[in-house]
Every structure is written in structure tokens, then in C-alpha cells.
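Heads up: the structure comes next, in C-alpha cells.
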Amino acid sequence: MKFIIKLFPEITIKSQSVRLRFIKILTGNIRNVLKHYDETLAVVRHWDNIEVRAKDENQRLAIRDALTRIPGIHHILEVEDVPFTDMHDIFEKALVQYRDQLEGKTFCVRVKRRGKHDFSSIDVERYVGGGLNQHIESARVKLTNPDVTVHLEVEDDRLLLIKGRYEGIGGFPIGTQEDVLSLISGGFDSGVSSYMLMRRGCRVHYCFFNLGGAAHEIGVRQVAHYLWNRFGSSHRVRFVAINFEPVVGEILEKIDDGQMGVILKRMMVRAASKVAERYGVQALVTGEALGQVSSQTLTNLRLIDNVSDTLILRPLISYDKEHIINLARQIGTEDFARTMPEYCGVISKSPTVKAVKSKIEAEEEKFDFSILDKVVEEANNVDIREIAQQTEQEVVEVETVNGFGPNDVILDIRSIDEQEDKPLKVEGIDVVSLPFYKLSTKFGDLDQSKTWLLWCERGVMSRLQALYLREQGFNNVKVYRP
């Protein structure tokens, strides 16, 4: 099988040296992602495209799907590469490839040509289009908005029969820009802002301020791992978790109610800046949008920025909530965000929307900054690839089984889309579907006399959710790994 990778247009207008660097990085990223599917595949770069050739036909769909999620790719063409002799040979090969697709449909033919030939692209379009129209009685030519567009590419003595075109996510290849540290809470905003910086070519590390215990951190780990695995797995990144409960406690005890929100955000920026400096990261990323909450007015944002020299990027600053939620839905983080607890908004009953710098600084004089230094020093830094392994170590009390007993039921916790695409059927045992994001509210409604074997494709989510359910007092859960 063969795929032709077309570059994001902004890459093609770069200078020759920059364009070549971007293409080299994108080629390396593609190799890093696809080697998990087929170690024998070949990735070959050209000036205006990248070729991916693989032998394992069983991995075709997985490879195609992975390519559509790698930043820097505009679209992917799945092609059949065959030799040809003349225009009639091109027509005959196109007829075999497209006959079934064109039955009862309107169509047109579009050709791209490179090399020296005694015909033009338009000549091929007319010849092939006329031939298809004659040999497929139920099809008819329609040059504007046809049901099917027959795409052909001619290069020297090779014909590329395009079997399908699939849109990529665009943007710049990860690694072409410098690293950033995303302040991730697991909600709609931080997930989308992290994705936007990945799409713009940054390697995104994650910094999480834990205000809600182990269950909250587990949820945010899921979001960070999902974003990395789906869009950024070509690079290693860090997940840094900071226990911020002592800081919140100090704020609640000593800070005036109206100033709490701004001061909490200032403490987060201070802490994140220290983490960024430690790892040589150039900028912080937040999901703040102008006017969305009290701490996100221009006055308050300026005061928050003042505590650090580190650049703070806010890709969502002009977005409304509906737009952000739509983006979260597109990238697959909506379901995570809907069930994620939000702690930042509850610590102040009457927050100020226009904080005064002198008042903020006066309130901060009451704060014991050694607490902030201590929580940063004790921050837990994990390679995001080790989240699954670390979870397995944490869930020592959750049994992993590869078989089942008479009282067991398999609980498929994949998302609804994954379940519909690839239903789980296991002979000799009932399988119940309950997406992971509904476990916190719906697991208690299940028959608690049964033992529930949590299952997902890779086992990461099932381990994380097993830990969460154990913490909630459910002891009738195991992890199923056949």
C-alpha cells in the first residue's frame, strides 16, 4: 500500500532552507508515529510531498487514521502506483478502479501531470472521462459539483490511481517551534489550547495543579495522555503534577475573599514559571478567554502576567465558549471535560473583576511563600509514556485477569464511537457498554452483586478507571486483559 502526504500550504511558502527543515522534521515525526504499526514501512521525502509505503495490509486503516492526526499534513492520498503505456492504458486502469463507484453517479475526471509526455492533463481528463462515460451507462459527466471526482496523477511513466483522499489537521510539524508548558485542568479550555499549540508545531508539556485529590489527577492524566497519544506521540513530553492543596489552604486562611481568584492564578503562574525554567521551556499556555470568568478581564490578566517574565500564550483569548466546546468535540476531549471537576471557581464568593495591584501585593504579603516553593520542589514529573506503567503500579490492589468466572461481566468502557466501529464480543460472557466518562455517575446503577471486568483496547483507561472506582468504594472491579 502507498500513501502520498501533501504538505500544509504554509510550509510550501517558506524559504528553501526552512521548507527543507520542516519536511525533514515531518518525515521523522511520521516515522516515529507509524513504527508502532509496521516497523518495515518506508517513509520517503520529496520536495512537495512525502511517500509512505507499507507491506502489512492489515494495518492500512490504522496507518491512514494515524496520518490524519499528525500536525503538518494537509491531506493524505491513498494511491495505487502502476506503470502505464499511453492514454488508453490510463483509461483502462481507471475503468477497473472506479467502475463500481461511478454506477448511477455523476462524475468528472481531474488529472495532475509531471514529466515529459505527448499529451496534456486536459487531454487525459477528456479521454478518460469520455471513455468512462461510454462504458458505464448509468454514469454521466458533470463538471460542477459531481457526486464523484476521479483523481489521477501522472508522473513520468507511472500512474497514481487515487483510491481516497483524507484530510489532515494541517499546521506545522511538532518540533519546528520551541517547547511550551500547558497549564492543564482537564476542562474544555485547557485541552483545546494544548491541541492548538501542538498543531502549530510546539512540543507541549503538561503542568497540572491538583486541587481535588487523586481522582482529579487521574482524570487530567487521561486528558493529557489522550491529547499526546492522538496528536503528539512523535515526541516525548513531561506531565508535571503539583499538589496545590496547601497553597489553596493558605489562600483561604489568609487572603481577602475578593482577591482570592487573582492571587490563586498568580501563584499558579509563579509555580509553572519555575517548572518551565527548570526544563528549559520557553512559554506557558493557558485556556483563558477574555471575560469568561472574573479572573479573565484585561486588568486581572495583566496583573496575573506581572508575576513572571515567562511568555504566556492564550490561544483562546477571543473565543466564545460555544466555539471552544465545538473544537473540544472535534478533537475528542469533550467527554473528558464534561465530567471533569472544576475547583478554581469555588474558592471565592465575590471575586473582583478589576483588581488593584497595590491591594493584591498587600494581600500577598500575608502569604507564606515557602509553601509555594515546597510544592514546586515536590512536584511529580512523569514521562507521559509511563502514565500507563505508573498507573499499573498505583493500582496494586486491582486485579488484572485474562479469564472470567460465572459471576463476571465485561464492562466495555471505550467511547461510543469506538464501540460502534469495533464492537466487543466475547464468547461465554456478557458484555455491557458504559463509556468511561459515565462511570462516575452510572456505575452505581449497575448490578453490584456482579464482578465487573473493565476493558479498553490498550488497558490504560481501564486501569485509571479501576483506581477511581476503588477510591469511590467499589471493590467489585477488575481489569480485563485477555
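The backbone N, Cα and C atoms fix where each Cβ goes, glycine too.
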Report the candidate from LYS163, LYS265, LYS274 that shares the ATP site with LEU183, ILE184, GLY287, GLN296, as recorded in Swiss-Prot. LYS265
Of the residues named as ATP binders, LEU183, ILE184, LYS265, GLY287, GLN296, how far apart in Å are the Cα atoms of the most distant pair? 16
Among the recorded positions ILE184, CYS456, which residue has the fewest other Cβ atoms within 10 Å of its own Cβ? CYS456
Reduced DSSP state (H/G/I helix, E/B strand, rest coil) at LEU183 (ATP binding site) is strand
Cα-nearest neighbour of CYS456 (active site, cysteine persulfide intermediate) within the listed binding-site residues, LEU183, ILE184, LYS265, GLY287, GLN296: ILE184
Suppose we draw a 10 Å sphere around the Cβ of LEU183 (ATP binding site). How many other Cβ atoms does it contain, all chains included? 23
